[in-house]
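Structure record follows, encoded as structure tokens.
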Amino acid sequence: MKTLKQAESYIKSKVNTGTDFDGLYGYQCMDLAVDYIYHVTDGKIRMWGNAKDAINNSFGGTATVYKNYPAFRPKYGDVVVWTTGNFATYGHIAIVTNPDPYGDLQYVTVLEQNWNGNGIYKTELATIRTHDYTGITHFIRPNFATESSVKKKDTKKKPKPSNRDGINKDKIVYDRTNINYNMVKRGYNPVGVILHNDAGSMTGLQYKNNLQNAGYNRWAQGIAHSYISEGQVWQALGESRIAWHCANQWGNKNLYGIEICQSMTASDEQFLKNEQTAFYEASRMLKKWGLKPDKNTVRLHMEYYQTACPHRSMKLHVGKDPTKTSITQADIEKLKEYFIKQIKMYYEGKTPVPTVVNQKAKTKPVKQSSTSGWNVNNYGTYYKSESATFKCTARQGIVTRYTGPFTTCPQAGVLYYGQSVTYDTVCKQDGYVWISWTTNGGQDVWMPVRTWDKNTDIMGQLWGDIY
């Protein structure tokens with residue numbers, strides 16, 4: 001059996017991906033659940049039937065089936081099953097990612113496939129979504145192994161240490177299967193690299209499954225040359241091709257785009273490892289082109305476009321979160337200096353040691369005060385502290401966002417009709433008034449709550465109640 005920590009890694013890896021376990025009917029809800037149970041039981045259990053039949057499977061001591069009742073408390077990693085009402089025919093099934101998001105046992109947040117019925121076309125990927133308990137009748141709880149039992153089993157074979165805090169260059173997996181589209185040739189080598197944070201949750205090779213055949217409309221939204229996580233490099237485009245990765249004509253044409261993956265979901269430890277693989281790859285490419293790592297050849301996305309990218313790296317190595325506060329030119333130079341030093345170590349055949357700043361000692365944000373009590377950051381976002389509870393009255397619900405208060409940022413989820421959330425910040429940006437809060441998992445989320453006209457400062461009707 002896998003541990004809960006190993007199950008958590010699996011769950012995070014499946015966000016925004018599609019799982020077709022049996023090769024039939026595309027990405028059905030049951031495919032993800034079957035694959036999950038098969039994974040955490042080390043291949044011992046392969047569930048059968050439709051989603052509603054999951055509760056009738058025999059798990060041979062690897063999991064326990066619980067019938068839902070008003071006081072039942074689900075846990076992270078449980079499998080939740082719908083079998084009644086609209087779900088009586090086939091059922092629905094998902095994996096619990098937050099057992100009680102609002103602290104009232106009225107809702108559960110899950111990772112699921114095919115909620116909207118488009119899994120058969122493979123256009124609906126695994127999504128984190130919050131539901132009330134309508135139709136939910138059972139939970140299946142894997143009997144996870146304890147960390148201590150796993151450690152005891154592993155004591156006979158101890159892996160050799162790998163390059164201190166750096167990477168094992170010999171174990172990097174490269175996949176150079178490019179996207180199914182011929183981008184324009186540059187005609188000369190890139191003049192440098194630009195390091196991005198992906199604002200996503202997928203590994204480098206998972207991006208291949210998601211983007212390789214995604215189609216022109218998706219690529220036009222942005223496509224880099226390489227997508228990199230720990231020990232994984234997917235080269236989506238050859239170095240001779242122009243990529244669309246920094247919303248700047250010169251940057252797109254002349255710089256090689258590297259996406260450091262999982263910037264929204266990876267632990268600090270994991271993201272630092274992802275960075276190291278990216279630094280090594282940057283050093284390898286620069287050396288190939290006869291370029292040395294310096295301020296002209298190592299670039300950041302925010303040097304070319306008004307963006308928070310690379311938000312996670314900035315927070316770790318400078319101590320400032322660009323989604324919440326202003327970033328100065330000095331901050332940019334500080335992060336570039338860190339990137340250059342790390343890349344240069346690999347360039348010279350040495351092994352760098354990743355470092356992070358003391359978050360408690362981070363620089364206070366630069367603020368511009370307006371006459372109405374709002375502060376303005378260098379992205380033009382008006383913001384101020386405000387603590388209250390917002391209850392959604394929009395029948396269709398409201399989409400929430402990661403990264404920042406922009407409708408182009410990655411979707412975090414949906415606050416459904418009747419659901420409430422407690423927030424601590426209010427912003428005005430991108431044609432809307434937004435509220436922001438930090439989830440139990442430590443992620444910052446933004447949600448628009450009414451329209452806003454920047455020219456007149458007129459606000460539309462509120463999409464809920466504040467109390």
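Backbone N, Cα and C define each Cβ position, glycine as well.
Among His138, His196, His225, the residue that Swiss-Prot places alongside His301, Cys309 at the Zn(2+) binding site is His196. Taking the C-alpha positions, the distance from Asp20 (Ca(2+) binding site) to Glu112 (active site, for endopeptidase activity) comes to 13 Å. Per DSSP, the domain 'N-acetylmuramoyl-L-alanine amidase' (189-311) is made up of 43 helix, 26 strand, 54 coil. Same-chain residues with CB within 8 A of the center of the Asp20, Asp22, Asp31 CB atoms, the Ca(2+) site residues themselves not counted, are Thr19, Phe21, Gly23, Leu24, Tyr25, Gly26, Tyr27, Gln28, Met30, Val34, Asp35.
Counting neighbouring Cβ atoms within 10 Å of each of the recorded positions (Asp20, Asp22, Asp31, Glu112), the lowest count belongs to Asp22.
Residues within less than 8 Å, Cβ to Cβ, of Cys29 (active site, for endopeptidase activity) and separated from it by at least 6 positions along the same chain comprise Ala51, His92, Ile93, Ala94, Glu112, Gln113, Asn114, Trp115, Gly119.
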